[in-house]
Amino acid sequence: MTKYVFVTGGVVSSLGKGIAAASLAAILESRGLKVTLLKLDPYINVDPGTMSPLQHGEVFVTEDGAETDLDLGHYERFVSAKMRKSNNFTTGQIYESVISKERRGEYLGKTVQVIPHITNEIQAFVERGAKASHDGKADVAICEIGGTVGDIESLPFLEAARQMSLRLPLHSCAFVHLTLVPFISSAGELKTKPTQHSVQKLREIGIMPTVLLCRADRPIPNDERAKISLFSNVREEAVISVWDVDTIYKIPEMLQAQGMDDLICRELELNAKPADLSVWANLVYELANPKHEVTIGMVGKYVELTESYKSLIEALRHAGIHTHTRVNITYIDSEDIEKEGIDCLKDLDAILVPGGFGKRGTEGKIAAIRYARENQVPYLGICLGMQLAVIEFARHVANIVQANSTEFDADTESPVVALITEWLDREGRVEKRTNASDLGGTMRLGSQRCPVKPGTLAHRIYGAEVNERHRHRYEVNNTYVPKLEQSGLVISARTPNEMLPEMMELPDSMHPWFFGVQFHPEFTSTPRDGHPLFSAFIKAALIHQDATLKQVS
């Protein structure tokens, strides 16, 4: 039978519940337990797919094509289980399901209420999500509840968790509460009162924390931990200090050193072998002891909130681990390039243009791509970054001067990139869309396979086949591909059914390393295994750096 750990937050949001949940999962997995994770989001949106990256951060795409919270990216990077659509659900999905049942008459004329109908539906979603991994036989499902205790939006989720702990047999549920212990510089001390009030609020709901994770900018002294224990009614050994560190991959060792996994295993009556975190220790060592250093320029329009590119940033760091390289990322607003020119690109070892949507900032990205191509700087374009690389090549090499995307100009004379109107999804079903289709859930989503052209850079990186996750509406227009290929562009992979371009590159005779992919490889990178594309990109940056230094000397 699956046991459940509910992770809640207090005082303020963005304390790192997702990292805490993923770190606990990593420790339990190292003890031989089968672990899965769920994210319960209290917002009314059906999913984050239509939310602004500046509000929500990155949208993480699962293997089965769900647009989910970025915390699912943390989950996949910390444990071996693959997340699926059922590992993330929202208030919007819960209400949508309940209202649909009411319309079908499944409630037999009863008045539909938050308790029991909404809370029952939440519990059903939780139990369904727990069965999504490990063939439905997970030992532990760690459920992160978004928001903070006291938010009106979170109350049905907390009530559902309380009801589950009451309904299931004893020792089936544990509660981990993450809270803030701020340091007040004017007083020169840590303040525990916010944590006391947060736990009090949780207890009013009927939930007693098994473990308190106390976030601070420094380790919390034992006397302060004892004070928190006394006023929160949580045993002192279960008051765990979680302080700021330079990499999130230190968190599993930090929690395990304070016995958090033992506390959870004892509460849930789980018999498991001792934890082995040697993999995490090695990762931390590699991060702290690089042999090389490169600077990558990331040119985007959401750079003021780097959470918008969370998986991409982590993928570059993973590549650094596996190439013994410290990867410094310079974030460049593409609109600044439009206003101030390309001087900001001159000291970079490589340039990356990530995915994105909309016209704003695209000409700045195209200018950065042109700079990379003309100056032999390694370039990686992801999703929109590939589409813009094709547009730049079409304009300045293939002499298709008006080349553009119908996303930016619906009436363009040369739609080198255009809306996909029909394609097969990963299950082989025909999907169709038009300009009038809903934005939510109408993209090409999820993991899909395609063959790779022999003799290409793509083949050297990936081998004969690529299997990556997608999230896009627009695609390189096959009508223009012959002219682009005549000018030197190489389409190194296509979808097997629609023959849609999946990867493009320039031959060695034109550029040492210029590469674009329509999919999102960052979603499958992990710190343990890295990712071949990002490792190849960092190696190309090192080669370019070495060549540049030789020219200067």
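Using the three backbone atoms N, Cα and C, a Cβ is placed for every residue, glycine included.
The region 'Amidoligase domain' annotation in Swiss-Prot covers 1-270 and rests on sequence analysis. Residues belonging to the region 'Amidoligase domain' (1-270) score a mean pLDDT of 95 in the model.
According to Swiss-Prot, the UTP binding site annotation covers Ser13, Lys191, Thr192, Lys193, Pro194, Thr195, Gln196, Lys227. In the three-state DSSP assignment, the secondary structure recorded for Thr195 (UTP binding site) is helix. The C-beta environment of Thr195 (UTP binding site), restricted to residues of the same chain at least 6 apart in sequence and closer than 8 Å, consists of Gly10, Val11, Thr179, Leu180, Val181, Leu212, Cys214, Ile228, Ser232.
Around Lys191 (UTP binding site), the same-chain residues at least 6 positions away in sequence with a Cβ under 8 Å from its Cβ are Val181, Pro182, Phe183, Ile184. For Ser13, Asp151, Ile152, Glu153, Lys191, Thr192, Lys193, Pro194, Thr195, Gln196, Lys227, the entry in Swiss-Prot reads CTP binding site, with the evidence type sequence analysis.
Around Lys17 (ATP binding site), the C-beta neighbours below 8 angstroms that are at least 6 residues distant in the chain are Val7, Thr8, Gly9, Asp71, Glu144, Ile145, Gly146, Leu178. Taken from Swiss-Prot, the feature ATP binding site applies to Ser14, Leu15, Gly16, Lys17, Gly18, Ile19, Asp71.
For Asp71, Glu144, the entry in Swiss-Prot reads Mg(2+) binding site.
Per Swiss-Prot, domain 'Glutamine amidotransferase type-1' is recorded for 295-547, and the stated evidence type is sequence analysis.
Per Swiss-Prot, the feature L-glutamine binding site maps to Gly356, Leu384, Gly385, Met386, Gln387, Glu407, Arg473; the stated evidence is sequence analysis. Note: Gly385 (L-glutamine binding site) has non-local neighbours Leu352, Val353, Pro354, Gly355, Lys365, Ile369, Gly516, i.e. same-chain residues 6+ apart with C-beta under 8 A of its own C-beta.
Swiss-Prot lists Cys383 with the feature active site, nucleophile. Sequence-distant neighbours of Cys383 (active site, nucleophile): residues of the same chain at least 6 apart with a C-beta under 8 Å from its C-beta are Pro354, Gly355, Gly356, Arg471, His472, Val517, Gln518, Phe519, His520. For the recorded site, Cys383 (active site, nucleophile), the DSSP three-state label reads coil.
There are 23 other Cβ atoms within 10 Å of the Cβ belonging to His520 (active site). Among the features that Swiss-Prot reports, active site is placed at His520 (among others), with the record citing sequence analysis.
For Glu522 (active site), applying a Cβ distance below 8 Å and a minimum sequence separation of six or more within one chain yields Ser311, Leu312, Glu314, Ala315, Ile382, His531, Phe534. Per Swiss-Prot, active site is recorded for Glu522 (among others).
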> 10 Å Cβ neighbour count around Gln196 (UTP binding site)?
Replying inline: 16
> Under 8 Å Cβ-Cβ from Leu384 (L-glutamine binding site), six or more apart in the same chain: what's there?
Replying inline: Val353, Pro354, Gly355, Gly356, Phe357, Lys365, His472
> Looking only at Ser13, Asp151, Ile152, Glu153, Lys191, Thr192, Lys193, Pro194, Thr195, Gln196, Lys227, the residues listed as binding CTP, what is the longest Cα to Cα distance in Å?
Replying inline: 31
>> Among all protein chains shown, how many Cβ atoms are found within 10 Å of the Cβ of Glu144 (Mg(2+) binding site), not counting that one?
In response: 27
> If you skip the near sequence neighbours and keep only those at least six away, which residues in the chain come within under 8 angstroms of Gln387 (L-glutamine binding site), Cβ to Cβ?
Replying inline: Gly381, Ser405, Val417, Tyr474, Glu475, Val476, Gly516, Gln518
> What is the Cβ neighbour count of Asp71 (ATP binding site) at a 10 Å cut-off, with all protein chains included?
Replying inline: 27
> Can you tell me how far the Cα of Lys193 (UTP binding site) sits from the Cα of Leu15 (ATP binding site), in Å?
Replying inline: 17
